[in-house]
Amino acid sequence: MGTSVDAAIKEENGNVAEKKPTVVFVLGGPGSGKGTQCTNIVQHFGYTHLSAGDLLRAEINSGSENGTMIQDMIKEGKIVPSEVTINLLQKAMQESGNDKFLIDGFPRNEENRAAFEAITKIVPEFVLFFDCSEEEMERRLLNRNQGRVDDNIETIRKRFKVFLESSIPVVEYYDSKGKVRKIDAGRSVEEVFEAVKAIFTQKDEKAAV
């Protein structure tokens, strides 16, 4: 299982560059609705959804030494070292058996971005950016009541600040390369998915030409 991805990730000399997995980075502030839309994309377009946050939480729950280190950093509001997250992402890609991935909530900063491309030799197909006002994201987070310990107002605002300072430069970098597909995420789930569908349908049509 996962041989196509294994081959693609191991291949670094460009001979079978076309076999590299397709990666779409999914970025948006906390509460922008990107997780919900990723589920829809998986169902309609056959991608595997890899949430950097979920992979990190699973590692924390495993009770490993790595997990304890990650938990301490998150508690302090720090960003986990790139290599840690990239290793978890690579492992999940290799185990999935798929060759199309939505990577959600990563890269969180410019250093993450550069490290991902350097370590995996994969450049994203495009970046799906869920653009949503801070007021709307805050309202959604306070309403969703998912039992997440990091959903109190003070922590939410800290997460917004980190997102603006760290992740927006990543969006700007890829925008300069013509790779950002920006979605107005302040609308209803259905309206947002119509916009998302148009982007992925267009990509598939281009690939078929």
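Every residue gets a Cβ built from N, Cα and C, even glycine.
These numbers come from a predicted model, not from an experiment.
Under the heading ATP binding site, TrEMBL lists GLY31, SER32, GLY33, LYS34, GLY35, THR36, ARG144, ARG187. Per TrEMBL, the feature ribonucleoside 5'-phosphate binding site maps to ARG57, LYS78, ILE79, VAL80, GLY105, PHE106, PRO107, ARG108, ARG148, ARG159. Taken from TrEMBL, the feature CMP binding site covers ASN112.
If you compare Cα positions, ARG187 (ATP binding site) sits closest to GLY105 out of the binding-site residues ILE79, GLY105, PRO107. Spatially, by CA atoms, the binding-site residues ILE79, GLY105, PRO107, ASN112 include one closest to GLY31 (ATP binding site), and that is GLY105.
Cβ neighbour density within 10 Å is lowest for GLY35 among the binding-site residues GLY31, GLY35. On a Cα basis, GLY105 (ribonucleoside 5'-phosphate binding site) lies 9 Å away from GLY35 (ATP binding site).
For the ATP site, whose annotated binding residues are GLY31, SER32, GLY33, LYS34, GLY35, THR36, ARG144, ARG187, the maximal Cα to Cα separation is 16 Å.
Ranking the binding-site residues ARG57, ILE79, GLY105, PRO107, ASN112 by Cα distance from LYS34 (ATP binding site) puts GLY105 first. A straight line from the CA of ILE79 (ribonucleoside 5'-phosphate binding site) to the CA of ASN112 (CMP binding site) spans 10 Å. For GLY33 (ATP binding site), applying a Cβ distance below 8 Å and a minimum sequence separation of six or more within one chain yields PHE130, CYS132, ARG140, ALA185, VAL189, VAL192. Set side by side, the binding-site residues GLY105, PRO107 differ in how many other CB atoms lie within 10 angstroms of their CB, and the most is found at PRO107.
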